[in-house]
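Reading through the structure tokens given below for one structure.
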């Protein structure tokens, strides 16, 4: 069973239950399965690391062996030993370079894979899966959690494996080639550094880490709101109070970090002591064995030095262990998003929409928005809403005749925009049906449906690309002449020509280089390029002032010609061109 | 400084233990018993080492939290100083990431990396001093010759990487930005059936950038090869060679020779740190630069040196008359004024061009004009969010630059187009305006703002959660909450900046009613492009292209061919012709 089975709509689930379905083993298996394309470079990186670390041990072992040889035979040649060490040093450098390079290769490949995979899995859930999540949440998962999983592939897996392989090899060599007793004496110390110390204080550390994350989340929100609400903060002279609040939360972060620091310091001190104790113990036990004649001195010396050298790879576990935990938690959080089922899917045998003008009909439509997902990993979203979900539409009937313009007005919260969401199948109604050209929209493929309905909404998302690229979103094959024609009709062409790069002007992040009116005109031009028989204007001019709105109205009237138009507005002033104006409250069955 | 000393203590303790082991090894060779002195040295060394190895990380890691808090506080202070002008959509994301992620990275770098790395890099000196004192100054001396190699290598590493790390970070950021753009625009892509195509584009872009970064790294990571080999050569190989040579010469004992090999592992300590330059070091320094950029931003409006809140103002000289309408129109003191004000955004065309007007205490004035005419700029000037390029803004009879910005802002309560609700309870949001207000006062303000009945209907009443994660208020309710806040602030001036533009027709009446009540007995400035709320004003000012083009009582302007008259027509439900739409 995968996380796909735990649908977010299942309602508030207690933390343990939501976390339970994926055991660590299951997470590991799935991660490895996902990481298949990077397994080869990962293996190369691992081999390089293991070889490099073995060379590091050998470097010290050979040094000890050379010293012992000179001790027993002062006339022994030194040069060959030194040249061997030089060769080992150079090879070790090369191997480390290769390890790092392949490691980075894995890192970037994994990052690209994770991001593309996240996008690909989120795409079928769009728009419902994107719109129903909190603003910063998706972005957070898409950045921080993806990065943490990337760290797993790039910087965690290889050190973790080599921390086991290298000491194992060294121990075997020590036991077989030198002295099994000393190998046995060394073993418990390796287990201490590799397993016991990293686990020491893990539970209180995890608690402190959770506290820190929760407090940091609140801090991020406090900072965000201080900036977004800066006008209010300044108007009410609340700057000092906001800063004091931030400091109070920061103190919580600090307390958590101090707790973590204590445990980290304890583990590092323990490791330092254990390593030295291991070498001392091996030296003392070895000395006794030499005294008893069970061991010759040169072998003893090599064993003591190797006992020190073998800890280098094992010490990495202390750093890697928490990263492993974080990567697993991040993977679970990512999958909770990517495994969610789409709110709507195309039917197996789609019906084609008829050609020509299409009418729209809502029949007894009931709809309640699904409860927002409760997320055990996000403290802020953990508390399930105690508020009863209120139905937005309760048995709505509406007919928009083909080729005419029908306006629906109503106060905010009355469900006007829900009409658009149901018509374009962001969601499906709980009861009743939505017909387009007489066909239930659930029987039409999503692609076909979206080709037939163009929506101009309240705000327009523009990609950080050229104006032309943003326009071609609606018609990838449109020629420059077609773009120009659409922009002329949307009263945008003159403004575009006045821009330094014309249609090749980059619109900036979130289209920041265009004014609100220009962005809406881009949306209209896009709708014209899509050339869909149905046009929905959802508060398309609500963000604009009277004069700009009046200008856009002309463009909208142009766009409406020959199409079925549904206009949604909260003030009747915006719908002067409609054939009929309906109040949404009047459309609901008693 | 203390953590650095502790790093050296750890190295000293470790070195002492290894040197003592030399004596143990010698004793084993000669068949003598383990020397007591060596055992004592081992025990003392381990104890010192344990204490220092705990205290060092505890101190340096423990310093991260306070450092973070301090850096963040400075950033927040700066944001409040930069004020409204700084808050644009594209900056807010960047600022939040600087104040969270950036601060964390900078603090971690400063506390655990910047100085500790210096300590690590100098650790070999400690080890060599111990080696020289106990074993042989010749070995220590020759190895010391290799020490300058460390800073040279580290420095060279940094230099070589500076260019790459900039390129690398730029590439990585582009990669991340592309990804976020695709995610945030996903609903749009879906609407046009282009989600798949966008995904393919993303994958292609990701692959290109990856190939670019790898080419970059393949060349520059060669430095790693050099550094790793150099350390192995300069420290381990050299130590072993010297130990063997001195042993052959009979200058040191075999045990001491082995101790030299053991101590060479302490000499390798800087090696581990060098690799971290790429991650912690580069990231930390970049974060500090990011923070410095924000801190270097000049504030658009700040306090000049030595400004003090005035003891009197026109608001106080002439207390608010109980009934404004009955007060004589002449002889009233001036509440607000713009005196020959011009303003332009940096690099932009002038927004205001020689604008002058005055509002007397207790009067109601409407400022109207098409979007882009400069209305919002006037509102921002009156709140000291912006400063005029030339001319003066007067509030309460004082030049706004001669009094603290906090004082200027304290004179005006604002109800703007949209109301920002902070995450928290309704009461929290009201108390923003009056931290000490009791519940009775909050209810009173809510009643005045026509919101009390709505709040009574909420199950949690004043404790109702609002803001992004709470049960949100409707647009109309949020605006009435803003009115309640304005009432709680109880400032002499009420500035209404298109307060009804985002409100649906049904809730507009309740809001307008509340606004009327809030304006009673106050000086009111109403900014509007829609005219449904422009009523009962004493004077209308019409702004167009940065100038006041019409000015007068509404009945006079309404009767002549004016922008005001045309706008009045437009806002009615009457039919619209193209000519009428143009001001």
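Here the Cβ of each residue, glycine as well, is placed from N, Cα and C on the backbone.
Just so you know, TrEMBL annotations never went through curation; they're auto-generated.
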Seminar exercise, completed: Checking A:1-19, A:77-95 against TrEMBL, the stretch recorded as transmembrane segment is A:77-95
Seminar exercise, completed: When TrEMBL is consulted, the range among A:151-175, A:226-250, A:326-350 described as transmembrane segment turns out to be A:151-175
Seminar exercise, completed: One stretch in A:38-65, A:77-95, A:151-175, A:269-291, A:297-317 has more Cβ pairs under 8 Å to the transmembrane segment (A:181-201) than the rest, namely A:269-291
For this session: Count the CB pairs under 8 A between the transmembrane segment (A:297-317) and each of A:38-65, A:77-95, A:151-175, A:269-291, then give me the winner.
Result: A:38-65
Problem set entry | Whether the transmembrane segment (A:77-95) meets the transmembrane segment (A:38-65): three or more C-beta pairs under 8 angstroms | yes
Problem set entry | Long-range environment of the transmembrane segment (A:151-175) - Cβ separation under 8 angstroms, sequence gap at least 6 | 31, 35, 38, 42, 45-46, 49-50, 53-54, 57, 99, 103-104, 106-107, 110, 182-184, 186-187, 190, 194, 303, 306, 309-310, 313-314, 316-317, 319-320, 323-324, 326-328, 331
Problem set entry | Residues from the same chain, set at least six apart from the ends of the transmembrane segment (A:269-291), whose C-beta lies under 8 A from its own | 179, 181-182, 185-186, 189-190, 192-193, 197, 200, 297, 300, 303-304, 307-308, 311, 315, 318
